[in-house]
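Novice: The domain 'CSC1/OSCA1-like N-terminal transmembrane' annotation in TrEMBL covers B:7-177. For B:12-30, B:101-121, B:156-175, B:372-396, B:424-443, B:464-483, B:512-537, B:571-601, B:623-642, the entry in TrEMBL reads transmembrane segment. Per TrEMBL, domain 'CSC1/OSCA1-like cytosolic' is recorded for B:198-359. Per TrEMBL, domain 'CSC1/OSCA1-like 7TM region' is recorded for B:370-642. TrEMBL lists B:727-751 with the feature region 'Disordered'. According to TrEMBL, the feature compositional bias 'Polar residues' maps to B:740-751.
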There are 2 protein chains.
Amino acid sequence: MATLQDITVSAAINLLSAFAFLVAFAILRLQPINDRVFFPKWYRKGIRSSPTRSGAFVSKFFNLDWRTYIKFLNWMPAALRMPEPELIDHAGLDSVVYIRIYLLGLKITVPLAVLAFSVLVPVNWTGGTLEHIRNLTFSDIDKLSISNIPDGSKRLWAHITMSYVFTPWTFYVLYTEYKAVAAMRLRFLASENRRPDQFTVLVRNVPPDPDESVSEHVEHFFCVNHPDHYLTHQVVYNANKLATLVAKKTSLQNWYTYYHNKYERTSKRPTKKTGFCGLLGSKVDAIDYYSSEIQKLSEAEAAEREKVINDPKAIVPAAFVSFKSRWAAAVCAQTQLCRNPTIWLTEWAPEPRDVYWNNLAIPYFELSVRRLLMAVALFFLIFFSMIPIAFVQSLANIEGIEKVLPFLKPIIEVKSFKSVIQGFLPGIVLKIFLIILPIILMTMSKVEGFSSLSSLDRRSAGKYHLFILVNVFLGSIITGTAFQQLKSFLDQPPTEIPKTIGVSIPMKATFFITYVMVDGWAGIAAEILRLVPLVIFHLKNTFLVKTEQDREQAMDPGCLDFATSEPRIQFYILLGLVYSAITPVLLPFIIIFFAFAYLVFRHQVINVYDQRYESGASFWPDVHRRLIIGLIISQLLLMGLLSTKKIDKSTIALLPLPILTIWFHRYCKGRFESAFVKFPLQDAMIKDTLEHATEPNLNLKTYLKDAYIHPVFKGTDFDRPQLICEEEDNPLVPTKRTSKQNSEAGSTSGS
Amino acid sequence: MATLQDITVSAAINLLSAFAFLVAFAILRLQPINDRVFFPKWYRKGIRSSPTRSGAFVSKFFNLDWRTYIKFLNWMPAALRMPEPELIDHAGLDSVVYIRIYLLGLKITVPLAVLAFSVLVPVNWTGGTLEHIRNLTFSDIDKLSISNIPDGSKRLWAHITMSYVFTPWTFYVLYTEYKAVAAMRLRFLASENRRPDQFTVLVRNVPPDPDESVSEHVEHFFCVNHPDHYLTHQVVYNANKLATLVAKKTSLQNWYTYYHNKYERTSKRPTKKTGFCGLLGSKVDAIDYYSSEIQKLSEAEAAEREKVINDPKAIVPAAFVSFKSRWAAAVCAQTQLCRNPTIWLTEWAPEPRDVYWNNLAIPYFELSVRRLLMAVALFFLIFFSMIPIAFVQSLANIEGIEKVLPFLKPIIEVKSFKSVIQGFLPGIVLKIFLIILPIILMTMSKVEGFSSLSSLDRRSAGKYHLFILVNVFLGSIITGTAFQQLKSFLDQPPTEIPKTIGVSIPMKATFFITYVMVDGWAGIAAEILRLVPLVIFHLKNTFLVKTEQDREQAMDPGCLDFATSEPRIQFYILLGLVYSAITPVLLPFIIIFFAFAYLVFRHQVINVYDQRYESGASFWPDVHRRLIIGLIISQLLLMGLLSTKKIDKSTIALLPLPILTIWFHRYCKGRFESAFVKFPLQDAMIKDTLEHATEPNLNLKTYLKDAYIHPVFKGTDFDRPQLICEEEDNPLVPTKRTSKQNSEAGSTSGS
């Protein structure tokens, strides 16, 4: 068990390394050559352009002005300066609400820490159990924790009382935050410009019809059932193969550019081998090879494009149906259309960027089976994943490698090398698993058949949260694999489980303090440094970039990785809630994490990230629910711990807390959740009326015409089937809009 | 433990007593004097009228035709003769679907019984464990059960295999039944005549407005947000006090009639005492007293009526809003209107008879708190109710009574009387509790704030089902009060619970066989005899009835008591599922129960019951869910039992069953449930179009005018506030309809 001094040293080391990261960041970001790595968002917005400052050639790449280095931390106040409404305009609601989660962590933990340090720490410190026990090693941290209080002491009522302060405080913070986010979402949706998804509903599981094509069937169905409101629709093509071809072509084009640039620099025709990874096969002229490959692929692509557009079988039984008003779209998205609730399924269309095209055509029964299989798979992933990893780890030792790759034997047998392998390989195997875990989870969510990127992210986050809860939180407290835990939990009474875990909680405080510093602090510092995008950008910049436009494409601003970051925040909040009444010393470390992360992510959101989609903070109900789960876990563990402390009626005294928490969750759900899943008719009507008054001549049909075509068709002009009630049901006077105006409207609405 | 012979004797006795009930029923129902008790439905429908057969005076009251007595069981085929569509017409969908639950029980249990008797019973019978054990008492029934198979025998795989046949069979039956009921419901709703609730939506939590009355506010809100579809609305008056006055007046009128009839018979002015229960106080002339009381009450009623209509505060913030088409009503009921999801709440209006008027004005927060309180109360009722009952039982002994009511001492001290009290009183206390339990549960549901009688019934049924599960099913298997069980469950590992219960299951088979006969068979036989309504009718007929219309009112046809009967059926199905793989001998008793109950209830539905409301079988999702719960319980218990039988991997072999069951439930929920909570727009549109074509001149506004007024206002003509957009938004050409036609339309639509 670490002493207070150990922790102080560890904290100092971690603070120093975080500081080193910050200094590195401060220096790197000031170099003009890195400008596009650290400020890509401004480039994307067209506000910032490559530095063209006159002066020495070297100053184009390196910042020689020493004065700017003095103020190397001035990005911090700068990050805080932009007010929230402007930030929503600048980065979208998703990002703003995401960084509010860190703020929420602060709002919850800071008052908890203040109260805990002023009440519980003195109570614990003077408890004096540990001083009497001589044969046990204990640290100063344990003296500040509940462990220092003798069993059955009346002092424990202080902890029970405080948990009755902590819980309402958390309720208050959660309630106001949910309310604020719901209001922000509604205001955001109301203030938004015209967007195609406001008028559009995604219709899935269109039943097959022997006499009509999917397009005609959709048209007829909506002409009958929404006669006054139906405007137009867009069928969905199964363009997955085409998309693969296009992606392959882009990759080939990159190689072509690379070799072409090489040729221009060296004036020597570069060659390459055609076989596996350019290592085997016959040598050919690289430029000729790639240009002919591109040529072939272009032809294949054109043929496939032709096929997709003309083959009725390439149309999947789904469509984007647009209405004449937001009111009608809101109505259609919220109501059931057909007797059979598994066909003609309607839901709000995700915004065009957010559509996950591959999943639009899954029948109801298949979807249901997929979800079952993925639930079972998730169970096995969470509870059994450690078993194959341990197996691979056991293989990944010296003997295993020597057997599989005998030619490496002489290298491995070098002594110093051997010990490194033996020491690191198992850790590396685990690390690799943890890196590919989010990819596995995302794949599972894709198999589950969700139809928008935002919902895929949300589902993956849910899975990752479960994984962290079981394998990181419980796994750190109780030894053994998750499956062994599960087995031991099933074999002991349910009242014993909180006790078993609760008892270990205070002993693990130092471990979690170290974890917060290493995983939290260092992780955030690494986040701001953007080492991987930095390297990739410079590689691309050196080998591929020729024009300004190429450089534009070489930037990889990245985006907030909701699916992995959010569950981590939840984990830290859970730690804060659990330890607030048990070992409050942990809280300052978490507070530093939240404050630092808030700063860093605010900076990143302002300067770097470019979101792939905008869902209007529709993830908030999930965030809220997981916080409630954390709160209930903390209450149950406190109950378990106190019941082992032999204090009378502690369980009954604490029992109302989880019940109240569940009720609070249900109340909030009823009160706010619908803001995230439905769109009130009142708001739709207000926006419709306003638009009708300000733009009476708007031709909505033209506006919506190509909003929902598959991205591979973007920019091409393809023949669309003639609409049936073209002339009769369009009461709007079409105005002449140039295509430039149209595309402008599209880009505004898409931002 | 009962032997097979004991069971046979008990079965014979119970069969005989059921037969006696049937004979009594057969005789009583043939007496013309009882005609209105046993065939009230036909009277209500106006098809049957009092027997006016000419002939001897006595034959007006007693059936002297001996030939009819020979065919005394011919009601049974008669009950089966009416085809289902006609029965739906005759009795409504609720009743028809309700009796299908008994049929469902048969469909599940009969094949289970056939399979179990052909496979499991031989396997069990030849197991031969019990024959080797000499020092244990065992019965022949146990020889047929799984107890007869030695631990670890391979024969147990027969049971596992059979459970893999039973579960898919249950799935199949449940799936087809859910599908059939959903189709019946949709067909019923589509074939129905025009009804006010098809056009109407109940709007609750209308926010207060400083400038407008509730009525104006509703009108303006819907004129803005549903401009093309809003037709009219009806505010809700808080007429609870008025309803109490009216009920009181009816009761006084009954007494008045009673004394008046007495006076006419005896020609002597009857007197009564004005004090407590007519026992104390001064003596007055009864007729004068009641006529003056009625006079007073009539005045009070008129004043209250005036006050309710004119006082704006008597209008509660809820309204019934009607639309021009079913389509628009379906849209409004399924969508969210306002940003704040706790105000302007819309839901389908229950049909006028089904409205529970007292609960229409509860704010969202209060509703949420009420539900929390009732959930806690239900927990205490289920787990602690036995404690006060035991306490009362301990008081309800000789000494307790002597202390409280000393004047009874001489009577009680008589020896024979004493033993009766000591033997019966505790049982009677329990019985009284069980009789008032449904009333308690219904009161709790009312407090929870549901707004229709049908939902109140459904909620009460859910609570009763939980009570039966815990206190009857588990309570019979494991000794001790429910709270002791709960405590012991919390103190043992979750894997041990199915074992603990599972082990006791085979031993309780004889108890449940007796239970099925006494509670099931006898209960059904008593149901058909209708002893209580018979007595009450004859009392009323003797003392109160003067005119044919009075006699009409004296009939109490009653209705299906869904809230208590349905959980009982669930209990029997649960028994069937649990014992099908363990002690199949139980199954025939349950099959007899279902077959008999099906016959009896079909007869009652045809001839007796007059439903208070018609919900279109909206209770089916609950029925389905509880059956699934029963199925899962049976699977878990089999798992527990087999794991004590020391057979390898039995738990893993059975584990897929509950997982599949949960998945099946979710699948069915997604597939069918929406038919019970939503109304597809397609159907609404078809019906609208049809109506528009056949009755273009229908004046819907007149039709809906008084549909949703509080029952105490029915028949009176009260001033209604002038509607605002009266003239401008009514495109329908009003036709002259006499009030008679209107009331006819009302009564058709209400049937």
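Placed from the backbone N, Cα and C atoms, the Cβ positions cover glycine too.
Computed from a predicted structure; not experimentally measured.
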Novice: Where, among B:372-396, B:512-537, B:571-601, do we find the most CB pairs under 8 A to the transmembrane segment (B:12-30)?
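Specialist: If we count Cβ pairs closer than 8 Å to the transmembrane segment (B:12-30), B:512-537 scores highest.
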Novice: For the transmembrane segment (B:512-537) and the transmembrane segment (B:424-443), decide whether they are in contact, meaning at least 3 CB pairs lie under 8 A, counting pairs 6 or more apart in sequence.
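Specialist: Answer no: the transmembrane segment (B:512-537) and the transmembrane segment (B:424-443) share fewer than 3 Cβ pairs below 8 Å.
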Novice: Are the transmembrane segment (B:101-121) and the transmembrane segment (B:156-175) near each other by the rule of at least 3 C-beta pairs under 8 angstroms (pairs 6 or more apart)?
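Specialist: Judged by the Cβ rule, the two regions touch, with the required three close pairs present.
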Novice: I need to check the long-range neighbours of the transmembrane segment (B:571-601): which residues 6 or more away from its ends have a CB within less than 8 Å of a CB in the stretch?
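Specialist: For the transmembrane segment (B:571-601), the list is 11, 18, 76, 79-80, 98-99, 102-106, 108-110, 112-113, 116-117, 120-121, 141, 144-146, 159, 162-163, 166, 170, 468-469, 472-473, 505-506, 509, 512-513, 516-517, 520-521, 524-525, 527-528, 560, 627, 630-631, 633-634, 637-638, 641.
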Novice: Let me spell it out: take the transmembrane segment (B:101-121), skip the flanking residues so only those 6+ beyond its ends count, and list any with a Cβ under 8 Å from a Cβ in it.
Specialist: 144, 146, 158-159, 162, 165-166, 169-170, 173-174, 177, 566, 569, 572-573, 576-577, 580-581, 584-585, 587-588, 590-591, 594-595, 597-598, 601, 623, 627
Novice: Mind checking which residues of the chain, 6+ beyond the ends of the transmembrane segment (B:424-443), have their Cβ under 8 Å from one of its Cβ atoms?
Specialist: 381, 385, 389, 392-393, 396-397, 456, 460, 463-464, 467, 561, 563-564
